[in-house]
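K.L.:
Input: one structure, supplied below.
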Amino acid sequence: MGFEASYDVIVVGGGHAGTEAALASARAGARTLLLTHNIETIGQMSCNPAIGGIGKGHLVKEIDALGGLMARAADRGGIHFRTLNSRKGPAVRATRAQADRVRYKAAVRSVVENTPHLFLFQQAVDDLIVEGERVAGVITQTGLRFRSPAVVLTVGTFLGGRIHVGEVQHAGGRAGDPPSIALAARLRELAPRVGRLKTGTPPRIDGRSIDYAQLTEQPGDAPRPVFSFIGARDEHPPQVSCWIARTTEHTHAIIRGALHRSPMYSGAIEGVGPRYCPSIEDKVVRFADKDSHQVFIEPEGLDTHEVYPNGISTSLPFDVQFELVRSIPGFEQAHITRPGYAIEYDYFDPRDLKPSLETRCLAGLFFAGQINGTTGYEEAAAQGLVAGLNAARSVRDLAPWCPRRDEAYIGVLIDDLITRGTAEPYRMFTSRAEYRLMLREDNADLRLTPLGRDMGLVDDARWAAFCTKREAVERETQRLAATRLDPERVDREAAERVIGGAFSREQNLLDLLRRPEVDYAALMGLEGAGPGVEDPRVAEQVEIGAKYAGYIQRQQDEVARQQRHENLALPEGLDYAAITGLSMEVRQKLAAHRPHTLGQAARIPGVTPAAVSLLLVHVKRQGGNGPQSPRPDDGRARA
């Protein structure tokens, strides 16, 4: 008999989903094996060198609050930080960092290699070991057998991956890496619903060949935001600027003249591409009225001259890529170091997943990342953390965990996927969350770190830092409520300048801070008001808590109303045809989706409020009143 070894959890893939899955599993106490086809590519940024953005930054903060790695790696590798939507309300503000690819990957690798209970092995996986109706391990390309009752697949674009550059195409998982053909075929045998998606990347440019005098500089923010709740600015490497270029009508004419050579328009690519990150061909066709598109010039790192021209992702032939790049002002002498390409790959309908991200087709098998139809490092990492955690919990016979929609963007992401599915690469936006005022970046730790601590994900150092911050916020809020300003005892003119109006009666500082025009730092400058807190993150929490208290309370009341029936479990084998009053359309949709809870049923397109009421009555009559799954504080998962 050949080689065989056993682990509690096996994670296949070392990208953003895989590393978070393996780390979460190991932190939760499971003896975890991370299998990757190449250890040198662990944590690699396969597409653009950036972390965060609108909606995505919220996911990164939540991963961090649960003890994950992405935010810390972004702080250690980030060379350009910005807060997006900084002039808008706190619900939609988002952190984004350009990362040095080498430094980011090194930060990930360092943590992975130094995490207890986590083991690495370099080998591609070709098959699953299946015993009855559950997974029992994996078989590698050389026949090595690794056994485990829980396997997490985080295989990115590698399943049946095919790379396209113009009329030329070849098998590949990404540039320079082979695809997973045997594993893709095996999964197609097991999973009932499979499709093809597509993504792409732009040509890379030697920055020395660009005329920056024709571009617009985009410096980072000062002061810089910090991604991790336990991060600091002194961790950041030296900072650099990004730049903005623009395509021209000549650029668009070149593209239109070569569309017949594009695999997207010739029919060579069957996969659907990301709606919110279209190729330059798509932009020119879909937005024919626009005579110019922005191109963001993003540095790849401090020790390389390569730049990433974000905005001209393309699968056009290389000669066309060369011509269109040189038609952009400032790029007349540009030297392309790597061609752009499109890649299409298999994904599996996420409606065939449980909220834990365990598949319905095979017990113990979990999916995370692009295999579930998502796009983006952040979406992948969030799924990886949940899948890895639940894989570890499953082998200890603990209840699975998934945050609700009102608890986290991670909950919104997973609920959207398993309830609605997706026919195109799914990207997170703040607009997808109905409770976004409660789900801000700044309070992700307050929302999730206690839960992470209960489940063993949060270490002592992070927990101590969290408790210190939480106590400081509570202490300062109480101080502001107890401190009163008397108009007779302060500089009236200075006070009215700070509060933006007349100051004629005694008020406490918390009430004054609730006024939209009042700034915390300015308020603390008034005689008798300070000194305030020095930590800007504590000050931000205090100010947002004061200003939005009424709105947040209303949203919490709405959540409470929804929660009365949101988590009501629907029996696994519920016969929708037997429920009197449901239309044929609703019965078909419920049978196709098989929702886990009444809340999920209500979010299926075409399921009416009346149908939800009928479902509720039916389940109540059958004696159903339990939640979808126990919370992690049910006493069985203490750290």
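In case you wondered, yes, glycine gets a Cβ from its N, Cα and C as well.
Note that the coordinates shown come from a computational prediction; the quantities given were computed from them, not determined experimentally.
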K.L.:
Per Swiss-Prot, which one of SER180, SER315, SER327 shares the FAD site with GLY13, GLY14, GLY15, HIS16, ALA17, GLY18, VAL125, GLN370?
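P.N.:
Looking through SER180, SER315, SER327, the residue Swiss-Prot assigns to the FAD site is SER180.
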K.L.:
Hey, which of the binding-site residues ALA17, VAL125, CYS277 is the loneliest by Cβ count within 10 Å?
P.N.:
CYS277
K.L.:
For CYS277 (NAD(+) binding site) and VAL125 (FAD binding site), what Cα-Cα distance in Å is obtained after rounding to a whole number?
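P.N.:
Their Cα atoms are separated by 30 Å.
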K.L.:
Determine the most Cβ-crowded residue among the binding-site residues SER279, GLN370, using a 10 Å radius around each Cβ and all protein chains in the structure.
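P.N.:
Its Cβ has the most other Cβ atoms within 10 Å: GLN370.
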K.L.:
Of these binding-site residues, ARG275, LYS283, which scores lowest on Cβ atoms within 10 Å?
P.N.:
ARG275
K.L.:
Sort the binding-site residues ARG275, GLU281, LYS283, VAL285, PHE287 by C-alpha distance from ALA17 (FAD binding site) and give me just the closest.
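P.N.:
Nearest listed residue in space: ARG275.
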K.L.:
If I take the Cα of GLU281 (NAD(+) binding site) as reference, which of the binding-site residues GLY13, GLY15, VAL125 has the closest Cα?
P.N.:
GLY15
K.L.:
With H, G and I counted as helix, E and B as strand and the rest as coil, say where DSSP puts LYS283 (NAD(+) binding site).
P.N.:
helix
K.L.:
Report the same-chain neighbours of GLY273 (NAD(+) binding site): residues 6+ apart in sequence with Cβ closer than 8 Å to its Cβ, ordered by sequence.
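P.N.:
Result: LEU197, LYS198, THR199, GLY200, MET264, SER279, ASP282, ALA342, GLU424, PRO425.
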